[in-house]
Amino acid sequence: MRTSIATVCLSGTLDQKLVAAREAGFDGVEIFEPDLVASPLSPEAIRTRAEDLGLSLDLYQPFRDFEGVGPERLEQNLRRAAAKFTLMNRLGIETMLLCSNVATARSGDEHLAAAQLRKLGDVADRFGVRVAYEALAWGRFVDDYETAARIVRLADHQRIGLCLDSFHILSKGHDPEAIETISADKIFFVQMADAPLLSLDVLSWSRHHRLFPGEGAFDLGTFMGHLARTGYDGPISLEVFNDTFRQADPFATAIHARRSLRWLEHETAASLGSGPSSRAAPMSTAMLPLVESPADVSYVELRTGDSDELRLLLMQLGFRPHGRHRSKQVELWSQGAARIVLGAPDSEHPQPTVAGIGLTVKDPAAALLRAEELFSAVVPREESEGEEPLVGVRAPDGSEVFFGADRGSVPTWVDEFGSTAAEHADLIERVDHVNLAQPWQYFDAAVLFFRAVLDLHTEASVEVAAPVGLVRSQVLRSDDGILRIALNLVPSGSGADAILPQHVAFATSDVLSLARAARERGFSPLDIPANYYDDIDARYQLEPALLDELRELNVMYDRDDAGEFLHFYTHSVGTVFLEVVERRDGYAGYGALNAPIRLASQYRHRANQGDLA
Ligand SMILES: O=C(O)c1ccc(O)c(O)c1
Ligand SMILES: [Mg+2]
């Protein structure tokens, strides 16, 4: 699959964008006109720069408001196009993108538009270039790809073809299946973008909220399957207008973008494998190494300067210490299959508090290979003689994901910490989910990373009000629910990161007994206000005895179609806190309705401690 990226996806100068695209391994770029106009480089210098970098210049865009106009305007438009074709000759670019008219069209007559495109084709012919006509979702008369395809067919000119853009097709809910009726030699270019499902006017949605494939809600694998079955084998280009990526580091964004296309290639191969195979697809698409979902979360590594407080909390929740690792500056605490590796922040590698997640997988080598094929950085790890080899990669925010082999109920690396006698069963059984707070520039990249690398699927994203801002939350999980990762987008306001810590949630089948046992060990939970219990009573009409017990123990409550959810929180220690959850009868959520109350309690707790100025 030939890969390309529009310069509009990246921040920085045109030259930085080109270098970033090359370093991330793209084959080519689309030159977005405003980037060229703002550049001090001449078209010839840009051409040479791209050649030197080994990048092809695949498309010049956009040319606007051409067709459906009156005769006088048509003459002006043809002259305007000729000027751009001259420029394209200087750049060495063969294809120009033409957006369907959004402003000056006076007629929606398809025959008129086709006749005008034919004239444009004649001009393009003189310059040896071609025009890819794209239906914008907000086009004045042409706003869907099937109409654009009919006009191109009527134009019947070898220099006139189509540009298909997944956003314009899927944002309007159009079925991409009819792509298969388009002849491959009429598809001149393909742009791919994902997006979250928003009820927003389509222009604002497109200009601000597009995402890289794998980060949103569009079914792009199926789209690509239809495309590949036409026989199209040209560039697959990313065109993502997004306010965050316009501000983020272009080098990081380019790698993130390249990862999304590798994932899309895999989805394409999977879609081709499952669809009608009557027409062979010449587009080369390779699957990623297949991985089974993790058998379990074998550990979570926390790095915090407040280890003593955290040790106390773990002890109160029934964890026991194993002691220090024989060669590394970390210690292990466990209860059931829940294991916490505790260390101090490392000044050379400042990591988030949840510094790593260890996963037990069937084939660690395959898991690592998949991550590497998805452009993940491997974590260098030193192993002393006789230690269990673990392999790991870095998530976008710098936290680590490690893969270890399944060797029975207790991982062998547990022996590398003091005593195994500490491995004991009590009320906590395992890790239920891990919540990773993401700085603004890493959130979407993290969604893609976990989805693609670990083959997780995304649940609907929710927004939770905190005293310091709105927190966007996205859960990714394996089909069996063994691995659940919640990503929270931290608001950028001051102090937000201090009160939006990361957290680990542990699963128990008896949260009330656990809360009592913890209290006997001196534990005081995060305090939940009385108003909350009045509110859930109004909502759910709970048994008075249960309500009293929840209130007494500061345990929160939620319910879904399947079952009930009971959970409580510790207060925060530095930038981490712990949660214990009980899922009854297959409750599937995370108590999202309770999150604002919890966030407000954490905020108050901080304020009382004087941590917030
Ligand atoms: O928002 C726009 O104007 C615009 C321009 C060019 C494109 O390819 C596109 O999809 C949208
Ligand atoms: Mg487009």
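Placed from the backbone N, Cα and C atoms, the Cβ positions cover glycine too.
Among Glu331, Glu372, Glu579, Glu582, only Glu579 appears in TrEMBL as part of the Mg(2+) site alongside His433, His503.
The annotation in TrEMBL ties Asp165, Gln191, Glu239 to divalent metal cation, and of the candidates under consideration, Glu110, Glu134, Glu267, Glu292, the one tied to the same site is Glu134. Close contacts with ligand 1, defined as a Cβ under 6 Å from any of its atoms, occur at Asp165 among the binding-site residues Asp165, His433, His503, Glu579.
Over the domain 'VOC' (430-571), the average per-residue pLDDT in this prediction is 93. Each residue of the domain 'VOC' (430-571) gets a DSSP state, and the totals for helix, strand and coil are 47 helix, 48 strand, 47 coil.
Put simply, Glu239 is the one of the binding-site residues Asp165, Gln191, Glu239 whose Cα lies nearest to the Cα of Glu579 (Mg(2+) binding site). Listed binding-site residues: Asp165, Gln191, Glu239, His433, Glu579. Those with a CB atom under 6 Å from ligand 2: Asp165, Gln191, Glu239.
Geometry remark: Glu134 (divalent metal cation binding site) versus His503 (Mg(2+) binding site), CA distance 46 Å.
Per DSSP, the domain 'VOC' (296-406) is made up of 20 helix, 45 strand, 46 coil.
Note: the Mg(2+) site is recorded as His433, His503, Glu579; in the same chain, Asp432, Val434, Asn435, Ala486, Val504, Ala505, Phe506, Phe577, Leu578, Val581 also have Cβ atoms within 8 Å of that site's Cβ centroid. Comparing Asp165 (divalent metal cation binding site) with His433 (Mg(2+) binding site), their Cα atoms are 37 Å apart once rounded.
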